Amino acid sequence: MARVSLPPLLLGALLACSAAAANFDQEFDITWGDGRGKIQDGGRLLTLTLDRTSGSGFQSKREYLFGKIDMQLKLVPGNSAGTVTAYYLSSQGSTHDEIDFEFLGNVTGEPYTLHTNVFTQGQGQREQQFRLWFDPTTDFHTYSILWNPKHIIFMVDDLPIRDFRNLESKGVAFPKNQPMRLYSSLWNADDWATQGGRVKTDWSHAPFSASYRAFRADACVAVAGGKTRCGAAVGTEGAAGAAAPAGDWYNQELDLTLQQRMRWVQRKYMIYNYCTDPKRYPQGLPAECSMQQ
């Protein structure tokens, strides 16, 4: 496996790397919801619940600086209008970076909206939205973030739907220095989530529940010191100070076939793209819009 030189972490933190199908008890903390988030089946399943009183959420114990993150989700079934299931990477602070999947619920029989966004140095407003080509409530599907120094690629069942490229040479900020935790939450957002807030949450269908399984992180993990190899089992550590070779994801780009598949998804299923919304930007579209998307 080839070795790569990884950029330094903030405050001198170094890198370790890990990849394995994870146990939720070992890799995540349920951070809010007063018992509405539960880890079950020996750590192989996690559920979040929303009722009129509260939603719930969890976060990873580890912070990642680049990696390929996979999670299987099964979303709130039936009348999910007003609910949002958020699944995202984020750092902290006013200049945080963030990579977002958000699933916006809908009334029974109407499709979910998959909302994506990228924040760099506290600035977001890079939304692209999609309809899914399947019912995300009847079975688990894999939602992936591939984040390396050149690309942020959003994938659904290994099919790329969006590629946010590193265009720093053109003056566009790119997340590359701030380690991020993985977060997820299920919450009520009926002031905006469904049809612009026109459709409210129907609490007669509560409690609402979303399920998670098969988390995998082939990623560089921020630790207090030392470097280990990417691809080691989650929770294992190599020799302190060892170089950290990264997996194929570290240099991965979309080949022509995957680019064509992504364009197909975007043509058929994209319902909003900030780069084609000039009314929103009276001073001109963001710079990256003329270079990618």
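Even glycines carry a Cβ here, placed using N, Cα and C.
Residues annotated as signal peptide in TrEMBL: 1-21. The domain 'GH16' annotation in TrEMBL covers 1-212. Feature annotation from TrEMBL assigns active site, nucleophile to Glu98. Feature annotation from TrEMBL assigns active site, proton donor to Glu102. Annotation source TrEMBL lists N-linked glycosylation site at Asn106.
Long-range C-beta contacts of the residue listed as 'N-linked glycosylation site', restricted to its own chain and to partners at least six residues apart, with a cutoff below 8 Å, comprise Ser80, Ala81, Tyr112, Thr113, Thr194, Gln195, Val199. For the residue listed as 'active site, proton donor', applying a Cβ distance below 8 Å and a minimum sequence separation of six or more within one chain yields Val84, Thr85, Ala86, Tyr87, Tyr88, Leu114, His115, Thr116, Asn117. Every protein chain shown contributes to the tally, and the Cβ of Glu98 (active site, nucleophile) ends up with 19 other Cβ atoms within 10 Å. Mean pLDDT of the predicted structure over the domain 'GH16' (1-212): 90.
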